[in-house]
């Protein structure tokens, strides 16, 4: 018993990032050497992601409602500058992907469209309609189905009602609930090394590395665009806001948010991680409690890259020449589509036919491109989520630090 306690204390003294790195390395080894054991270890990953997904909707609802209920008149949440950054970042990602698609034209071997079972949206109107319907969804269903647009809407309304009509005791109870849920999130995050070990070992055991070799160039363009956004464009946007070296903040967000998101492959599951990081960075709670859940829904630079690169690849494969005006229009469509990706089953991949329609590509061919997306999804989806989620907290921090700098001046 004493040995067990001393072992846990020894593990506790090692930083969480190092524990995650150890879990990652061990997962690669187990998944490669013993696929059967790797698949069995996947249970740890499923439990970890399941716990994060379960607690995230409750956390967002309670935290946003508590923040609005406790909000003092005269204090501002400063959400507008962050939304502007989200839109600039998403459009920059789409434009970068268009340029990369022109400079590095990619031809792909189309997979069978039968691999895709869900129906894509018929147009941009359907995407926007889906978002608006999510806004007025039943609040219980919104929490149960992790509909963050609906959760945010009802939390804002309930919080405003409590602020104007609730007693001090009621508002304090809601605040205590928010603190309790945040504590539960901290407990779950402590299991991240074990969860990531399970996720990595099962992924390696299921897919190996050979399945991705046939799409190496397509993956190189996708990942190259995402790396360029994460390491060049986003730092430039952050520098524009804070007027100092952005890379310490960028690398902190990539390390403490992006790594989690890469392995969980879920922006929703990463919301508690981003909330904890925002608190650690000393950001304004009234701001990040709203902007981070909102970012998980509308800040989709990674999705814009996926939609654009695969649409451009489809055009090149069909022998279609893409002029600059059409490419610019594709960037705009990809930006709007990406912002609605969370409201579409299948996310960014099932918005590819919408982008392909700009080039007159048939739906049958477009769905074959979607099938290719699912084949490379083990890497594409992980990198996309890591970029999307780490950018949520990065832009929130940039806007908040800019506000603090302006106030100091």
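From the backbone N, Cα and C atoms, a Cβ is placed for every residue, glycine too.
Note that the structure is a prediction, hence the values are computed from the model and not measured.
Per Swiss-Prot, the feature transmembrane segment maps to 24-44, 48-68, 82-102, 142-162, 194-214, 218-238, 292-312, 319-339, 365-385; the stated evidence is sequence analysis.
Contacts between the transmembrane segment (142-162) and the transmembrane segment (292-312): present, as 3 or more C-beta pairs lie under 8 angstroms, all at sequence separation of six or more.
The listed stretches are 24-44, 48-68, 218-238, 292-312, 319-339; of these, 292-312 has the most Cβ pairs under 8 Å to the transmembrane segment (82-102). Take the transmembrane segment (365-385) and the stretches 24-44, 218-238, 319-339: counting Cβ pairs under 8 Å, 218-238 has the most.
Listed by sequence, the residues of this chain that lie at least six past the ends of the transmembrane segment (24-44) yet keep a Cβ under 8 A from its Cβ atoms are 194-206, 208, 263.
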